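Structure record follows, encoded as C-alpha cells.
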Amino acid sequence: MSGNTFGTLFTVTTFGESHGPAIGCVIDGCPPGMVLSEVDIQPELDRRKPGTSRHVTQRQESDTVEILSGVYQGKTTGTPIALLIRNEDQRSKDYGNITETFRPGHADYTYWHKYGIRDPRGGGRSSARLTAPVVGAGAIAKKWLFEKYGTTFKGCMSQLGDIEIPFEDWRHVTENPFFSANASILPQLEAYMDDLRKNGDSCGARIDVVAENVPVGLGEPIYDKLDAEIAFALMGINAVKGVEIGAGFKSVAQKGTEHGDELTPEGFATNHSGGILGGISTGQNITASIAIKPTSSIRTARHSIDKAGNPVMVETLGRHDPCVGIRATPIAESMLALVLMDHALRHRAQCGDVVVTPPPIPGSR
C-alpha cells in the first residue's frame, strides 16, 4: 500500500492534488441503511473551506461536495461511497518560481527524492487542500456515531503562536474564524495575525478536540490501541508535529496519586487518561491535542537549494494560510471521528455479543 488509504473496516482513500481538476475520497465499509445526502456533509466542509476571513488563504473555493456512489434513494447501500470536490480557483502561475527549487520546511525536497517527480502547483498532493475530503468522510462518520451512540465532537484553538488562549465557553467557537473558545482574546489574535501577514511570516497553533458519549470498549489491547490509532491519524494531518492524549506531556510532572483516575460507583473522579486505558475507551470523553507547525510557504526570502544543489533564495508567491491551524479544528475532529468509527465497527464485529454487569460507570468529562 502506498499510504493513501486509512482505516481497517471503515476505510477512506483520498485522491487528487491541490491544482488538479478535483479532489475527493472513496469511503468503504459504511453500514447500509443510513440516511445520507450532500446536506449532511456540506456544513462540515463549510467550516473548513478557505477564504472565510482575512486571516486565512484568499483562495476562493466553494468546496461543494458531490456524492457519486454508495447512496440510493437517500440511504447508504453498504457499497463504496465516492465524494468529489471540484477545484475552482487554482492559480498555478504563482508557483513558477519554485518549480526547480525547494521551499524550506515543505515537502518539496522529500517528494522529489522519493518519487523523482513532483507537482509544484500549490504543493500538489502534499497540500492541506487534501484535508477537505477527509472532512467530508468525517461528516459521515460523525453522523453514524451520533445516531448509534449519541457520540458528538467539538474542538477549539487553545494557542496561536506564543499566545495561549484560556478556555471560556464552547459557544464562542462558532462565533469567530479562529475557533477560539475565548471571545475576549480575539482582538489580540487578530492583531497578531495582521502583523504576521504584514511581515510575510507565519505561525503555528495548538488545537484541542473532544469526543463525548464514546462507548466503552473501543480499541485493541496491543498494537492497535485506540490512543495509538488516534495519534497516528492526527499526525497524518498536514503540518502536525505533535499529539497529546489526555494529560499528555503534563503526565511527566504528575504523581501517580494525581494522574490515576479514581473510580467510584458514581463514576470516574478525573480524566487525565483522556478517556483511554490500556488502549481501550473507558466511556469518558476522549480528549486530544495537536501541535501544528508554522506554515512553510511564506513571502520572506529563505535560503535553500535548487534541484542541481546550487544555493538559492526562495520566496513563495502563492496564496497561503499564515497559520494552518486556524482551519484545522474541523479537520482534527474529522480524523478523530474516523478512528472511532473504524473501531466501533471492529468492536461490534468481535465483541458485539459481550454483556458485562454491572453496566459501565459514568465518565468524568
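Here the Cβ of each residue, glycine as well, is placed from N, Cα and C on the backbone.
Summarising the annotation, Swiss-Prot assigns NADP(+) binding site to Arg48, Arg54 and lists sequence analysis as the type of evidence. For Arg48 (NADP(+) binding site), other Cβ atoms within 10 Å of its Cβ number 22.
In this structure, Ala239 (FMN binding site) belongs to neither helix nor strand by DSSP; it is coil. Here Ala239 (FMN binding site) comes close to Ala128, Gly204, Ile292, Lys293, Thr295, Ser296, Val324, Gly325, Ala328: these same-chain residues lie at least six apart in sequence, with C-beta atoms under 8 angstroms from its C-beta. Annotated FMN binding site per Swiss-Prot: Arg125, Ser126, Ser127, Asn238, Ala239, Gly278, Lys293, Pro294, Thr295, Ser296, Ser297, Arg319, in sequence order, evidence recorded as sequence analysis.
Mapped onto three states, the DSSP output places Ser297 (FMN binding site) in coil. DSSP assigns Arg125 (FMN binding site) to a helix. Cβ neighbours within 10 Å of Thr295 (FMN binding site), excluding its own Cβ and spanning all shown chains: 24. When the binding-site residues Ser127, Ser297 are compared by the number of other CB atoms within 10 angstroms of each CB, Ser127 has the fewest. Closest in space to Arg54 (NADP(+) binding site), of the binding-site residues given as Arg125, Ser127, Ser297, is Ser297, taking the CA atom of each residue.
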